[in-house]
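Visitor: Below are the structure tokens for one structure; questions will follow.
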Amino acid sequence: MKTLGEFIVEKQHEFSQATGELTALLSAIKLGAKIIHRDINKAGLVDILGASGAENAQGEVQQKLDLFANEKLKAALKARDIVAGIASEEEDEIVVFEGCEHAKYVVLMDPLDGSSNIDVNVSVGTIFSIYRRVTPVGTPVTEEDFLQPGNKQVAAGYVVYGSSTMLVYTTGCGVHAFTYDPSLGVFCLCQERMRFPEKGKTYSINEGNYIKFPNGVKKYIKFCQEEDSSTSRPYTSRYIGSLVADFHRNLLKGGIYLYPSTASHPKGKLRLLYECNPMAFLAEQAGGKASDGKERILDIIPESLHQRRSFFVGNRHMVDDVERFIREYPDA
């Protein structure tokens, strides 16, 4: 049995930018995940369920667990003195860690993805993304350090809190998964160099918004529902409502996750920096593809911390099909 810590140290030689700092940074995220796992499991017994009454930078009501997870991850990262600052979906602006100007890395995160599912005991997750800073080491980080395209990511990953808790990450050398053993308090390697199955047969989208979707996406959904034995259609529809959970299932079983623009969110709803970029990095490392329907997600130059984007991620052939339908059936 190989633990996450042992695996990270063992694989450092495969990563050209590997340093003890990056190893310690991943360990800090691991610690934060353990704390969140512990408290999610007893959320119904203590007062951390439901809405907090506050709103995040996008005007969305924050759940109590959103704030809890944000504070725990932030504390775990700051305590190691290896991160110069963070950007979070739950923070209006970047958080600069005083006394950590010497650190080389910044972290972007969605502390608790799908938190509205907590009250009904459905899987949720944590998403993280790591970059090398671009401003001089020894100075405080600025927003410039965080507004980097996804192709500059050093590492990215997610933790899914479900029937078991799993941490999945990449440093650009494949995607690896670890299951948390609460009796030992460690994450143990369960899958190395994960890949999307050759063919996907599942599509994940909130079809309740169908009437608001672009024409190309509507046509693609109909394509998924048509019978065609040569392409194994119709595909199966599966939608949990938690990006991490939907992505994880599709990574294991094969499929595509779609969150297009709508009339109410013309630029898309998912956050480019906290959700799209890290999941796109993982998808490509697992042989998949991620797009906004027209452009590779990892090539998009961010303009703001909380920028939103349409998002299509999963098996390469399925994302290719979505892009084709969007090209062939543009909105008037």
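Just so you know, glycine gets a Cβ as well, placed from its N, Cα and C.
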Visitor: Say Swiss-Prot lists Asp110, Leu112 as binding Mg(2+) 1: which of Glu71, Glu89, Glu143, Glu144 is in the same site, per that record?
Guide: Glu89
Visitor: Report the candidate from Glu226, Glu227, Glu275, Glu284 that shares the Mg(2+) 2 site with Asp110, Asp113, as recorded in Swiss-Prot.
Guide: Glu275
Visitor: Need a hand: Swiss-Prot gives Asp113, Gly114, Ser115, Ser116, Asn206, Tyr239, Tyr257, Leu258, Tyr259 for substrate, which of Lys104, Lys199, Lys267, Lys269 is also on that list?
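Guide: Candidate listed by Swiss-Prot for the same site: Lys269.
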Visitor: Spatial neighbours of Glu275 (Mg(2+) 2 binding site) among the binding-site residues Glu89, Asp110, Leu112, Ser115, Asn206, Tyr257, defined as Cα within 10 A: which are they?
Guide: Glu89, Asp110
Visitor: If you take the centroid of the Cβ atoms of Glu89, Asp110, Leu112, the listed Mg(2+) 1 site, which other residues of that chain have their Cβ within 8 Å of it?
Guide: Asp66, Ala69, Asn70, Ser88, Glu90, Met109, Pro111, Asp113, Ser115, Thr126, Ile127, Tyr274, Glu275
Visitor: Count, for each of the binding-site residues Glu89, Asp110, Glu275, the other C-beta atoms lying within 10 angstroms of its own C-beta, and report the residue with the smallest count.
Guide: Glu89
Visitor: Non-local Cβ contacts of Tyr259 (substrate binding site) (under 8 Å, 6 or more apart, same chain)?
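Guide: Spatial neighbours, sequence-distant, of Tyr259 (substrate binding site): Ile205, Asn206, Leu243, Gly268, Lys269, Leu270, Ser310, Phe311, Phe312.
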